[in-house]
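Participant: So Swiss-Prot says this about it:
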| type | residues | note |
| --- | --- | --- |
| BINDING | E36, P37, N38, H42, I43, G44, H45, A46, K47, S48, T232, R262, L263 | ATP binding site |
| BINDING | D68, Y213 | L-glutamine binding site |
| MOTIF | 35-45 | motif ''HIGH' region' |
| MOTIF | 269-273 | motif ''KMSKS' region' |
Amino acid sequence: MSKPETPAASNFLRPIVQADLDSGKHAKIITRFPPEPNGYLHIGHAKSICLNFGLAKEFGGECNLRFDDTNPAKEDQEYIDAIKSDVQWLGFQWAGEERYASDYFDQLHDWAVHLIKAGKAYVCDLTPEQAREYRGSLTEPGTNSPFRERSVEENLDLFARMKAGEFPDGARALRAKIDMASPNMNLRDPILYRIRHAHHHQTGDKWCIYPSYDFTHGQSDAIEGITHSICTLEFEDHRPLYEWFLANLPVPAQPRQYEFARLNLNYTITSKRKLKQLVDEKHVSGWDDPRMSTLSGFRRRGYTPASIRNFCDMIGVNRAGGVVDIGMLEFAIREDLDANAARAMCVLKPLKVVITNYPQDQVENLELPRHPKQDMGVRVLPFSREIYIDAGDFEEVPPAGFKRLVPGGEVRLRGSYVIRADEAVKDDQGNIVELRCSYDENTLGKNPEGRKVKGVIHWVPAAESVECEVRLYDRLFRSANPEKDEEGGSFLDNINPESLVVLKGCRAEPSLANAAPEERFQFEREGYFCADMKDSKPGAPVFNRTVTLRDSWGQ
């Protein structure tokens, strides 16, 4: 297992934070993670979580969890609960109670009135379509709204009537009065408040006007005393507006915004809209489908919090973009599970083996280590006359280099004896349904005298093994860039039809019968697996493949 070639991980924010503390600019660092509760967190959010919580922890500060809940039509308590669970699962805890932008709606409203009284905000009656036309483009300046010069008194009256619910959705908006000719389109009189007659999951029906993200964000940071407001690069052009609001309002603190490059992972989609489409159109079983890029999907697949944190450390934090190879994430989980997952044997495609020269009623309880390096104890495998091996480990006409069982050939059973294939029993269609073999009783734990046995295969006892279901998960998309389709199709056209193969009737060693939900294993010679957190039951386990033993994608 070799580590992927990557530049040394860096974090350009560390020296900034250190300098701010050393200079006395801040006595304590306070960061925040501010998700919008309109979907489940995905692997891209993990980078932001690890960055914000990680910096706070490293420098002895605090990190707030604040829900940016300014768009009630798209938000839901389900998402709030899932986000809290995901952050804690990753190993982080926010300072105090979780916070909501809606906690500050009264203060934000008062600050909007402050801007109106200062002549820096006005109520605009342009429709959304008209407002887009007046806004101009990247190459053309905008045009002032015909409502821009309303008096302070008229604006105060109209804003109060907006708040009172007098007007329908979209009829009016409160806008900041900045500069319609600014080369930065975010400064062309941005919207502060929209009319939305929508029930809010936190405030109920108290409000029918809701603040915009840009008006909410910086002021929420200021209220909470955030010292370093860290967001992704697409908000770099919003920073002048962030600073304009702070400069023109009587806020209690002056946070500073910093931007970093978001995580772009190949073979992966992180657009919430597209993830929701996958769920709604039943291309996957839900937000926690193990093929999804959501944290709940990775968790159900068997990824550990440590592997995701280590992955985020590996890729570092910088301002340069680029696409990260998903092989780095797969390396992180392989490295973790290789070190920490107990070993077990599971036969995915069982073929019965009868050892004809083994005593009829004899059973030997063989002890095998649960881990080759760590002291995890042993598990017991009963060995008797009938066992199962994988059907792929026997070939009547073997290809070149085949080192497993062939007619008349020998192979070692893992932790057990050497057996020889004597006869293949077939059904009427010519399918092999049973092997008759003989064993060498002098080969338990040692090589046979005078001959070399190269192959080692896994096995389970026939009588004591437990039947189980195994789900072989693979990458959901077959293209490294699933968003891009050469023929102009949809990202859905890139779905990998082999991203899930369900195998029923698999046979697992007895120690796996009561595997706990989310318990992780290396199935020897097969890969890393975990017991499904929803469907696996005592005596009827269901295992999800987390990742293969080695990277075989595209080989």
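Cβ from N, Cα, C; glycine included.
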Participant: What residues, ordered by sequence, lie under 8 A Cβ-to-Cβ from Y213 (L-glutamine binding site) and sit at least six positions away in the same chain?
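Facilitator: Those within reach of Y213 (L-glutamine binding site), by Cβ under 8 Å and sequence separation of 6 or more, are D68, T70.
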Participant: Count the Cβ atoms, other than its own, that fall within 10 Å of the Cβ of T232 (ATP binding site), considering every protein chain shown.
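Facilitator: Other Cβ atoms found within 10 Å: 15.
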Participant: With DSSP assignments reduced to helix, strand and coil, which class does N38 (ATP binding site) get?
Facilitator: coil
